[in-house]
Structure formats: C-alpha cells, structure tokens
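Please read the structure below before turning to the comments.
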Amino acid sequence: MSDEEHHFEPRADAGASKTYPQQAGTIRKNGYIVIKNRPCKVVEVSTSKTGKHGHAKCHFVGIDIFNGKKLEDIVPSSHNCDVPHVNRTDYQLIDISEDGFASLLTENGNTKDDLRLPTDESLHTQIRDGFGEGKDLVVTVMSAMGEEQICALKDIGPK
C-alpha cells in the first residue's frame, strides 16, 4: 500500500476528543454531561435503588450550556457517560460589527472575529452599552464540543 491510497483530512484540533468517559454514578450536581449530543450543566441528580434484576439508575436533569434548554437522561450508574471538555477563555473586546459579531483580541495579539454576541438579552445589552460608553471590556468565552459562546463580561475600566 502506498501513501497515495490513504487520504487523511487535516484537522486543527490534533484529533483531541470533544468528550471523555466518566462513570454515571460519579457525576454530581454542577458538573457537566452530554445529553442527546448536547453539552449540559447538571442541575439535578437522583439515583434509584437496584431493582430485582439489574442496576441502580441515575436520573440526570441538565441545562444545555449554549441554548439553555432543559434535557433529561436516565443511565445505569455503573455505565459510562460522556462528559464534555469545557473551557473558558477571556478575550478583550475590540469592536462590535453591525451584524452582531464581536471582534476579540487573543492573548497572542491576533483577532478572533467569528463569535456572535450572546443571545441572552441582558448580557447582550450590557456588552453593547458598555462598549458604547467606551469601557474596556473583557468577555469570557465558553467552548465545548466544537461550539463557542460569550457567557460572561468583565469591566476592566475606561479606555
């Protein structure tokens, strides 16, 4: 077999997994879990006793970290669940375009222009108003499973 027969798609993430396995019985409230292929923050966990045959079951109630939808799942406590790698990164806000995209300054001095302003109304208006007043704003971007969204705002003083 020669190299011409193998076709590999180049990836920027170096093949890193978007999730990692964790036993369902060890996932706690305020942790993260993947429910219906969406990254969720766990808001409620209840465990049922083992039945006549079988496993104790964990009932998870989670809120999607990107769109706020409530999702539920029931998993045997001895089975593995997918847990998303959730990262938070701070960027300085440089500009807001007319179509609602934020221009952010990364740590290495490059700009990141592919993020929309958040859909959360109060955070959206805080960012718009603060930027309009000429404040230096730092936004926190949460990323998980290939998605990114602005989730918090810090004011570091006037420009």
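Positions of Cβ are set from backbone N, Cα and C atoms, glycine also.
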Among ranges 1-22, 67-88, 111-132, whichever one TrEMBL labels region 'Disordered':
1-22
On average, residues of the domain 'Translation initiation factor 5A C-terminal' (85-154) score a pLDDT of 87
